Amino acid sequence: MKMDKCHRFRLTATSIGLGVMVSPDTFVGLGNFMGYTGRLGLWLIPAAMALFFVIAQSIENFTVATPFTLAVKFAAAVFLSTGILVSSGFVFNEVFVYWFPNFGFAFLLLGLVLGIQLAGPIVILRAQVLFIGTVLSALGILIVSGLSSTGPGVTGPAAQMVEVPGIGILSLPLLLWVGFDLAGAVNSKDSGKMPCLAAIAVAGLIFFLWGLVSISHLPLEKLADSGIPNMKVARIVLGQTGRIIMGIAVISGTLAAVNALFLGCDYTVKQLTERGKLPPWTAKPFVVPIFLGLAVGLMMALGMAGSEKLELWIRAAFLLWLLGYARQGYSLKKFLLASLLIAGGGAILFSGEAPLLTLFYMGCILLTGLILSLISNKMPHNHEKRSSL
């Protein structure tokens with residue numbers, strides 16, 4: 001019985017960690033990235049995943065909360081939730097009910113998440129497992145169908161890349177796994193790092209397989225330029241049924257991401273309140289969800305969804321979140337050595353496809369590792385603080 005409870009706990013924690021990683025915004029960016037890089041992108045994704053494995057292994061305490069991490073999570077929660085809620089409204093309008101207003105559905109989803117958040121932790125965690133299970137099941141059906149059939153995707157040299165992508169597209173895989181640490185929102189001493197590592201591994205497998213299906217069924221030019229590459233691939237794979245399945249995945253992924261972000265913000269506020277960094281009233285169960293709900297609702301009402309500014313704000317919040325991992329403390333030598341091995345190994349293994357692009361990408365990985373290591377080395381070690389308490 002104890003083992004069963006432990007396994008359920010790890011499953012729940014992993015589903016929280018997967019929340020942001022399976023959001024619709026992630027798969028749109030992944031599709032564009034695959035359109036620019038082709039087959040090479042399939043090997044750049046595991047290289048970035050290896051970097052996040054090192055980050056997760058090196059972090060000493062996933063439950064450390066600081067004003068910086070709170071600000072970053074609040075920004076990500078408001079900006080990303082605004083974008084994906086409205087996107088889900090458009091998907092619902094186009095795929096399921098044509099006459100229903102897309103913004104109305106976006107507000108309904110926001111209300112559903114708020115209701116779940118106010119219902120208590122048990123409902124929050126069970127709903128998260130349901131949302132993630134639905135997303136993975138839908139993607140699993142499409143991936144299996146896509147791998148077992150052939151499509152109009154390109155092959156040969158043309159499958160390598162459309163053109164040399166900009167740094168924004170090229171650096172995307174370095175942000176795909178940001179948010180894995182939300183598994184720490186329900187972490188305990190017994191669960192260790194397993195939920196975070198499991199979330200990274202599951203997401204990496206999904207990214208790789210979906211990337212393979214995407215470049216096998218849709219020409220790279222269309223992948224690179226499309227604002228809904230995931231929906232286009234799903235339609236090619238299974239026709240209208242594929243669109244419906246992907247529509248379910250988009251809506252469930254939106255609920256999973258918003259639910260996980262709201263939970264992560266609430267947990268961070270409670271941690272800071274316990275340490276006297278915030279007034280006690282901020283830890284009340286309804287404060288954070290209501291505040292975030294009002295902020296997201298205001299952003300949607302002001303028409304910020306879909307704007308270039310919002311996309312820039314989302315990318316900036318995720319970049320700061322990535323840099324925030326350095327504040328949780330790990331060994332400079334260990335992390336820098338691992339980053340060097342990943343970048344060097346990737347450059348050697350994959351330089352045959354596009355040498356300059358591969359070297360540049362591996363340089364980005366090495367630079368990311370160097371920056372995180374240097375920032376961490378300048379920070380006071382969290383374990384030293386805890387030992388003095």
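For all residues, glycine too, the Cβ spot is worked out from N, Cα and C.
Among the ranges 164-184, 311-331, the stretch that TrEMBL annotates as transmembrane segment is 164-184.
Counting Cβ pairs under 8 Å that are 6 or more residues apart, the transmembrane segment (123-144) and the transmembrane segment (286-306) reach fewer than 3 and are not in contact.
Counting Cβ pairs under 8 Å that are 6 or more residues apart, the transmembrane segment (244-265) and the transmembrane segment (71-92) reach 3 or more and are in contact. Within the same chain, residues 20, 23-25, 100-106, 109-110, 179, 231, 247, 250-251, 253-254, 257-258, 261-262, 264-265, 268, 292, 295-296, 299-300, 304-306, 310-311, 313-314, 316-318, 320-321, 324 sit at least 6 positions outside the transmembrane segment (71-92) and bring their C-beta atoms closer than 8 Å to a C-beta of that stretch. Simply put, out of 40-59, 98-116, 196-215, 98-116 has the most Cβ pairs sitting under 8 Å from the transmembrane segment (286-306).
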